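Participant: Supplied in C-alpha cells, the structure appears directly below.
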Amino acid sequence: MNRFITSILVVFISMSGWLQGADTGSISGILGMRDFQSRFADRYNPISNSYSYSAWRQALLTGTINAGCLFGAMLSSPFTERIGKKYSICFFSGVYIIAELLLVTAVPSWIQVLVGKILAGVGIGALSVLSPGYQSEVAPPQIRGAVVATYQIFSTGAALVAACINMGTHKLRKTASWRTSFGINMLWGILLMVGVLFLPESPRYLIYKGRDEEALRIMCNMAELSPESEIIQTNFNTIKSDIEIEMAGGKARWIEIFGKDIRYRTCLGFLVMLFRELIGNNYYFYYATQVFKGTGMTDIFLPAVILGAINFGTTFGALYTIDNLGRRNPLIFGAAFQSICFFIYAAVGDRKLIYKNGTSDHRAGSVMIVFSCLFLFSYCCSWGPMGWVIVGETFPIRYRSKCASVATSGNWLGNFMISFFTPFINNAIGFKLGYIYACINLFSSFMIFFLAKETKGLTLEEVNDLYMSNIKPWESYKYVREIESHRIHFSKEEEKREREKSKGIRGQEEEFIENADEDNNDSSSSSGSVVSAVKPRRSAVSNDRFSEDSHPTYI
C-alpha cells in the first residue's frame, strides 16, 4: 500500500463526520414533512388542517440524539483500549446502522423514533472521538491538522446533501418522503463500516500492544521508506520510548486524567469542545426559517440548503488556516468576529425584523442573513474544525482515549443544551438570545488566549513536551518556531551528510573495480568484491547516524 493510497484511506475515516452531518442535517427537514408530522406530532389544528409539535416533543426529537452522543463519547474509551481504534470504528458504525434501521421502520410509534435517535447518537458520539484520534496518530505532523479538519468538511458536506435530499423527497407520497432520508443515512453507515476494514491500525496502538513489527511495517508503508531508514527508526524509537515511559505507571484510571500533570489538558479539551457548540453555530440552522421568512421566502426547505452550502463551502478555508495560521489565532480572532456578528444579528432581529402588526421588514431580514453567513464563514474556518484538531493532538497516549472521551462529551453536552433548551428560551426572549451568544463568543476568545498553546507542526510527542513545560500559552508560538527552525537545520545537515557519504561509497566502488580489472578477475568475482566491500561501509554509515545526538526529522 503506497503513501498516496494510505493517505486517501486516512481521509476516508472522516466518513464518521459524514454520518454526523447527515443525521443532524436531515432531522430538521424531516420534522417539517407533512406525513411525518401526521404520524408523530402531538398537536393538530383542524382549522388550518396542520400539525405541529409541542416544545417538549420537539426538544426530545432534536435533543436526545446529543444525549446519545454524550454517552457514546464516554463509551468509546474502553472499546479503544481493548480492540483498537480501527475495529472500534467498525463496531460503532454497526450501531449507527441499527439505529437508522429503527428510524426507517418507525411506524406508528414516536417512541421508536426517539430510541432510534438516541442509538444513532451513541454511534456518532463514539465515532467523533475515535476518528479524529485515529487520524492524529496516523497522519504526518505537517498535514495532521488539515487531515483532521476533513472531519468537519465531511460533516458540513453531509448536512448540505441531507438538506438537498429532504428538499427533493418532501413531496413524495406518504412515508417515502422521510423514509428515503433515513434509508440513505443508513447506506453511509454501511460504506464506513466496510471501508474501515481496509485501513491500517494506528502504529501507536500496535506498539502499545507490543506488536512492534506490524507497527514498523505500517510506518514504512505510510512514508514509503525502508525499515532501515533513519527517519523511520527515529520515529519508531521515539514513539516506543514515550509509550514505555507512560505505561510504566500501569493502565490509566479515570481519576488520573484529573491528576496534577494532565488535568489542565483534560479541562482545556472539554472547554474547547463545550464552547464550540455554545457559541451558537447550530442556532442558525434551527431558526433559519424564521429569518428567511422575514425576507419573503416561504419554502421551509430552501434556507437549510442555502446555509448548508455556505457552511460546506467555507469549511475548505480551514485547510489553509489550520496549518498556516496555527491553532490559537483562528480561535481567538474567529470568536471575536463571531461576537460582533451575533450582536448585530440580535439588534436587527429584536428591533426591526417583525413589526407589532405582524408584518416584516425585508431589509432587516436581509441584513440578518448577511451576518448569519459571515458568522458561518468565520466558524467554519476556525472553531468548527479546530476543536477536533485540539482533541486529536493534545493528550499523551496513556490517557488519550479517556481524555478524548471527556473532551468530546463537552461537544455533545453543549449541542444538547442548544437543541433542547433553545425552543424554550427563544419563545421567552426571541432574538434577544443573540446577545447571549455574542457574550459567549467574546468569553471564548479570552479563554483561548489564556489557556490554549500553539501546536502547529509539532509531533504528538513534542505537543506533550510543550504542555509539560512552563511555557505560557501566549508565548508558545516561540517554542514552535524554534522546533521548526531546528528541524529545517537538521534536515539540511542530513542531506549534506548523505551526499558526502554517497560520494565516498561511489569512490570506493570505482577503486575496487579498477583493482579487479587489473587482476583480470572475472565479472562475477569482481561484482562480489564490490558488494562485500560496500555492504560493511553502508552498515557503518547507518550505525554512525544513530550514535549522533541530534533532533529527529519526523515524517
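Along the chain as shown, the residues are counted starting at 1.
Placed from the backbone N, Cα and C atoms, the Cβ positions cover glycine too.
Note that the structure is a prediction, hence the values are computed from the model and not measured.
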Participant: Topology question: in Swiss-Prot, are N324 and K352 both on one face of the membrane?
Facilitator: no
Participant: Among the residues N357, N521, which does Swiss-Prot list with the feature N-linked glycosylation site?
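Facilitator: Annotated as N-linked glycosylation site in Swiss-Prot: N357.
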Participant: What does the DSSP secondary structure composition of the topological domain 'Cytoplasmic' (201-266) look like, as residue counts for helix, strand and coil?
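Facilitator: With helix first, then strand, then coil, the topological domain 'Cytoplasmic' (201-266) has 45 helix, 0 strand, 21 coil.
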Participant: Based on Cβ pairs under 8 Å, which of the stretches 145-165, 180-200, 267-285, 302-322, 433-453 lies most in contact with the transmembrane segment (88-108)?
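Facilitator: When the Cβ pairs under 8 Å are tallied, 180-200 comes out ahead.
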Participant: Of the residues in the topological domain 'Extracellular' (109-112), how many are helix, strand and coil by DSSP?
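Facilitator: Helix (H, G, I), strand (E, B), coil: 3 helix, 0 strand, 1 coil.
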Participant: Honestly, do the transmembrane segment (364-384) and the transmembrane segment (302-322) touch, with at least three Cβ pairs under 8 Å and pairs 6 or more apart in sequence?
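Facilitator: Between the transmembrane segment (302-322) and the transmembrane segment (364-384), which are separate recorded stretches, there is contact, as judged by 3 or more close Cβ pairs.
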Participant: Would you confirm whether the transmembrane segment (180-200) and the transmembrane segment (433-453) meet the contact rule of 3 or more C-beta pairs below 8 angstroms, pairs 6 or more apart in sequence?
Facilitator: no
Participant: Using a Cβ cut-off of under 8 Å, list the residues of the same chain at least 6 residues beyond the topological domain 'Extracellular' (31-58) that approach it.
Facilitator: 107-108, 110, 113, 166, 170, 174-175, 177-178, 300-301, 423-424, 427
